[in-house]
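Here's what TrEMBL has on this protein:
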- 45-64: transmembrane segment (TRANSMEM)
- 76-94: transmembrane segment (TRANSMEM)
- 135-157: transmembrane segment (TRANSMEM)
- 164-185: transmembrane segment (TRANSMEM)
- 197-216: transmembrane segment (TRANSMEM)
Amino acid sequence: MAAPQSLQLSSVNNVEIPVHIIHTEENQIQEPAVDEFDYSQRGQWLRAAVLGANDGLVSVASLMMGVASVKEDIKAVIVAGFAGLVAGACSMAIGEFVSVCTQRDVEIAQMKREKLKGSSKSDENDEKLPNPAQAAAASALAFAIGAVLPLLAAAFIRQPMVRMAVVVAVASVALVVFGVVGALLGRTPVVKSSARVLVGGWMAMGTTFGLTKLIGSNHGMQI
């Protein structure tokens, strides 16, 4: 702020009256930077990637645990796991593609209605449209990445019990990592997210192992 300046003005009685004119500078207040990133914009690929990796890991690990409960042959376990990887990746890709295509059709229809009313910004809306192929590829790739982890863990272990223990351990560590990554990217509570993913994976593997062993053992099935 500049210092006040004094001007001498003469009145009708020849009395000098000091008049202070204060020059003020425009205050420039810098507001703290605000994170303007729209996290909902990356929700599409984040959801597809995290869910795909988690599904691949849990599905294939559970499948391998189920087969291992009634069949000690490592070849049978690996083949079952690989079949689950291929089938699951294809299923995830197709499901995600159909889902995002439906979402895209709904948004395009809404854009047409807004355009008729004259309230649509076509360029901005086009950029926000979801990409079905991108979402499908992300889901398939993420599923395959998650599914290959238990396969690699079991591929080089011959002892059946040790093999199952290693699969569970590797799956548990990977589930925690997926939970942490998803929480950090989405800015959600890390502990809560990781615990939810881990407990869900344990439940899936335990249920598959128990039910498969029950059916395969008590009913005299030759597998």
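Cβ atoms here come from the backbone N, Cα and C positions, even for glycine.
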Sequence-remote partners of the transmembrane segment (76-94) [C-beta within less than 8 Å, at least six residues beyond its ends]: 52, 55-56, 59-60, 63-64, 67-68, 136-137, 139-144, 147-148, 150-151, 154-155, 163, 223
Long-range neighbours of the transmembrane segment (164-185), counting only residues six or more past its ends (CB under 8 A): 42, 46, 50, 53-54, 57-58, 61, 64-65, 68, 146, 149-150, 153-154, 157, 192-198, 201-202, 205, 209
Same-chain residue ranges lying at least 6 outside the transmembrane segment (135-157) that approach it to Cβ under 8 Å: 44-45, 48-61, 64, 74, 77-78, 81-82, 84-85, 88-90, 92-97, 99-100, 163, 166-167, 169-171, 174, 178
